[in-house]
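Notes to accompany the following structure.
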Amino acid sequence: MAELKLSKVLPSVLTISIGMLLVMMDTTVMNIAIPHIKSSFHIALNTAQWSVTVYTLAMALVIPFAGFLADKYSPKRIFSLALVFFTIASLLIAISTSIEQLILYRIIQGLAGGVIGPIGIAMSFKTIPMEHRGKMMSILGLPMLLAPALGPTLSGWIIEHYDWHVVFYINIPIGIIAVIMSLTLLPYFETNPTARIDWLGGLISPFTFPVIIYAIHEYSLHYQFDIKIITTFMFGIIMLALFVIVELKSKNPLLYLTGFKTPEFTKGLILMWLNQIAIFSSMLLVPLYLQSIGNYSSQTAGMIMVSQAITSFIGMTVGGQLFDKFGTKSAALPGFLLTTISIVMFTQLKEHTSSFYIIVGLLILGLGQGLVNMQVNNHALKSMPPQVMNRVTPLSNEMLQVVNSFAIAFITAFFASQTKGKSSTLEVVHAFNNSFYILLVCTVIGFVLTLFLKQKNPNHS
């Protein structure tokens, strides 16, 4: 399909953004709800944690098939249908009367949510005029930056005043609006009735990324390796290697792995991973510091975290305009620099660090993240042929799922190892400092790698 005029693209981009925000918010809101689900169903914490794990696993399971479904049955149709199932699943979760029901409906919700992101990004990228891609794609990046900050804050407020069921009831009217918007505002895309699925890759795929993510989740629950976790992880790695071999030889690959042969695509994805590691880990560590060291309530800590979301929006908007006019470096370089400055600030946290200091750090962090996030993603996607876009966005989404899971598990385990056997406040503060030093390495690498991006945006179209 040809690129559309900007006035016709904006409603489509907003529609896709709402769908993506629903999916990403439901990834983060459950972390706050877990203790309440545990007490509501009178179950063990590990059992309640499965409501988070199965959602992520279901998304990882279905993402590789998103490109084939979009090619075969139309992106608009699959996107709209996924929103319908996501909304229905939200209702079923809200009225669940047992943990078994909740887990089943979370699986359905994850399967629906898994195709919304990659198909939505592919649709937008193919229809947005080239000269406005930075600005418009920045709108799509907002859910990625807002969800980690707003999700826990919103769910914490709702649970404090109502209960965890209401968190999912809210999805229903928003989901219905999103479905109506998708049916009426999204453009029509030609289908490819002859599109074929790589059956061998499809059979191997469920034992790759989902198995690796499962092993990482299991590790994050215990912070130690046992034979089960090691065996599961190695099995996932072996199957992933087999999957790569099969996909590279396939005439109809599920994922466009050949894209990694393009240097600008690979550099763009690596920068996006480094950026996500910094933001997801910070969104875990800062609230934990505020509550455990600063003695703030969860609601107050959540309100402080909102400051990061505000400047993320500003950074995303400015970054998109810089991308359109001057290229990726003009946004990503200052973005990684600001992110590095904020992480340096957090490495200096003390026992009595003021909330003002933390808010300033979060404001700088948000601005930096906003400048980087979608700009490096755009850089990667622009280097790919338009005809394979439906197979490229699932690849970047799948890899991001693994990176995010690994980041949270690793930084949590590292922090736990730093605090093991230590009880004094000063020792715990040092554990926070050391954890942020890990993130500092990521942001510095990101800044240096950005220097090697091509000055002009890569363009395969």
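Heads up, residue numbers simply count up from 1 along the chain you see.
Placed from the backbone N, Cα and C atoms, the Cβ positions cover glycine too.
As given in TrEMBL:
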type	residues	note
DOMAIN	12-458	domain 'Major facilitator superfamily (MFS) profile'
TRANSMEM	54-71	transmembrane segment
TRANSMEM	103-125	transmembrane segment
TRANSMEM	137-159	transmembrane segment
TRANSMEM	165-187	transmembrane segment
TRANSMEM	199-217	transmembrane segment
TRANSMEM	229-248	transmembrane segment
TRANSMEM	269-290	transmembrane segment
TRANSMEM	296-319	transmembrane segment
TRANSMEM	331-349	transmembrane segment
TRANSMEM	355-374	transmembrane segment
TRANSMEM	395-416	transmembrane segment
TRANSMEM	436-453	transmembrane segment
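Note on the transmembrane segment (103-125): residues 9, 12-13, 16, 19-20, 22-24, 26, 50-51, 54-63, 65-67, 69-70, 75-76, 78-79, 82-86, 88-90, 92-93, 96, 133, 136-137, 140, 186-187, 189, 381, 389-390, 392-394, 396-397 of its chain, located 6 or more positions outside it, place their CB under 8 angstroms from a CB of the stretch. With a cut-off of 8 Å on Cβ pairs spaced 6 or more residues apart, the transmembrane segment (355-374) and the transmembrane segment (199-217) reach fewer than 3 such pairs and are scored as not touching. With a cut-off of 8 Å between Cβ atoms, the residues of this chain six or more beyond the transmembrane segment (269-290) that come close are 144-145, 148-149, 152, 296, 298, 300-302, 304-305, 308, 332, 336, 339, 342-343, 346, 349, 355, 358, 362, 365, 369, 372-373, 376-377, 379-380, 396, 399-400, 403-404, 407-408, 411-412, 415, 432, 435-436, 438-439, 442-443, 445-446, 449-450, 453.
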